[in-house]
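The domain 'FAD-binding FR-type' annotation in TrEMBL covers B:5-106. Look at TrEMBL and you will find B:GLY81, B:THR82 tagged as FAD binding site. As annotated by TrEMBL, [2Fe-2S] cluster binding site applies to B:CYS228, B:CYS233, B:CYS236, B:CYS253.
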Amino acid sequence: MLTASGCGGTGRELAQFFDVTRLGAFVTRSITMAPRAGRPTPRMAETPSGLLNAVGLQGPGVEAFLTQELPWLAERGARTVVSIGGGTVAEYTALARRLADAPGVTAVEVNLSCPNVEDRGRVFARDGSSAAEVVASVRAATRYDVPVIAKLAPDVADIVAVARSCVDGGADALAMINTPVGMSVDVDTMRPSLAAGTGGLSGPAIRPLAVRCVWQVHAALPGVPIIGMGGVTSGRDALEFVLAGACAVAVGSALFHDPYACPRIQRELEELLTERGFDRLADAVGLAHHPPGSGPRGRTDLEESSL
Amino acid sequence: MAASPVQVTGTVLTTRRVDAYHALTVVAPGVADRTRPGHFVGVAVGGPSTSMLTRRAFAIHDVKPDYGGTVELVFTVRGPGTAWLADLRARDTLDLVGPLGRPFPLPRDPCTCVLVGGEYGSASLFALGDALQQRGCRIDFVLGAPSADRLFGALRARRMGETTTLTTEDGSIGMRGKVTDVLPGVIADTRADVVYACGPMAMLQGVTAVAVEFDIPVQVAVEEAMACGIGVCMTCVLPVIGDDGVTRMVRACTDGPVFRGERVRFEDVGTIPFDALGAPGGRHA
């Protein structure tokens, strides 16, 4: 059980409610090289079973992160996945290099949904080759024992192709999905609801989309560990992702509604697995792909789950 | 100061209409005994299978020790979430997270305080007034609203305050005009040492300008749209000048909602000022 990037603050906010070390991992918001003030307000609009947001990666920059936020997590022994975001391949590489000698980094997650300054502002995740270029350079700059996770966006023609490029580029795991781009217009003011116009859609509204992406990628690349996310609010939702092929599940927008969402969903998932006679989560991963009665398949290549 | 918040499923004790507003008393032990004036709660709306993901933030109007501790919220119906709240009846349950935010700082020594409330922003001022009076402060109220039915707590203000000045924009009660029209007179008459204000942004901006003119401290509780209320979603930010003189986009929920008025860049709310830390193309970029 993980927190989704950008949904858990610095960790301190959630620590008021539960022990962050009990998480499979705490995923930070995307860290950028320089401090970022983010987008103007309004940054958030509620939609049916969902949430549009355009925060714009507000954050203190990597130096402040390394001096103020990461040590706090490391002191407590929380497993920390550091999400990084940049506008160029060089910026991602520099960030990965900066994190390489920092203690307490369990894994690096590459947020590929950042506009590529060198490609007319199109996001890296849109195209396999630029995504792979970023992943490969981050992989090269990161210590060998720190996994690199590529976070994919669903707004692509062929998610399997992008996933395959990232794995070929050296990604140890895939996180999916990032928020699809959405928009809402306030009919009273007759203006877009968000100051930025468009924003990322999250929440249960996108769960079917996320499950489809996980399903397709797991079917094509069964050996690659997938962190499933997108509208997980209960143990049943988490199990849906696991059955579709995710070996870990992240909770995002549900944290805004229920600060205790992570421990609650983990408990619910454990109960559901026990009810169904599973001894371990790994036995349920991708099970929906196999017709009932088919023999057990080799799962030696799957990473041990976070549960 | 930093009372750690808890999540509780509270039972609605009473619901009532107060002019244009709704008031809801909820049994919420754990929230009630930690609450200080200025704190707020995040309320989940729509029941357990709601399609409304974000919590609604409400200032805590009143805390009472009955039934282990109750909190009272005052709100107005603005959309489907608040409409659902307004339909709650006694004995329904409500999911609350609180107390949240940083409360009003209180003066160490007795002094004269003017409490300024706009519309139902005045709801959070009465608990503050109690706390100030316990410290031997003199309090005076200035309450304003567009019309009489949207003026909250005038009677209570009259009972508590040394003086109470009411303003309405349509003149239906008190003076015709805005709180900022009468505030300079009240500050001068009472020789106020400090101003506390809660209400719409435009009012807070005006009140701050008046207080700055009199060169007295002003504490404002801001209203910003929030999704989580606990500091993780980063949507309720506004530009505030820090102790080091640098403007940062800070969260109204955890860094506020109470700020020193002169530190809030009201004219830039809703934008990223070019000189804010990390602003696009700014000097810190």
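Just so you know, glycine gets a Cβ as well, placed from its N, Cα and C.
Filtering of the binding-site residues B:THR82, B:CYS228, B:CYS233, B:CYS253 by Cβ separation from chain A (threshold: under 8 Å) yields B:CYS228, B:CYS233, ordered along the sequence. The C-beta environment of B:THR82 (FAD binding site), restricted to residues of the same chain at least 6 apart in sequence and closer than 8 Å, consists of B:HIS22, B:VAL45, B:ARG56, B:PHE75, B:THR76.
B:GLY81 (FAD binding site) sits 14 Å from B:CYS228 ([2Fe-2S] cluster binding site), taking the Cα positions as reference. Around B:CYS236 ([2Fe-2S] cluster binding site), the same-chain residues at least 6 positions away in sequence with a Cβ under 8 Å from its Cβ are B:GLU224, B:ALA225, B:MET226, B:ALA227, B:ARG251, B:ALA252, B:CYS253.
Around the Cβ of B:GLY81 (FAD binding site), 20 further Cβ atoms fall within 10 Å across all displayed protein chains. DSSP assigns B:CYS236 ([2Fe-2S] cluster binding site) to coil, not to a helix or a strand. Helix, strand and coil residue tallies for the domain 'FAD-binding FR-type' (B:5-106), in that order: 13 helix, 48 strand, 41 coil [DSSP].
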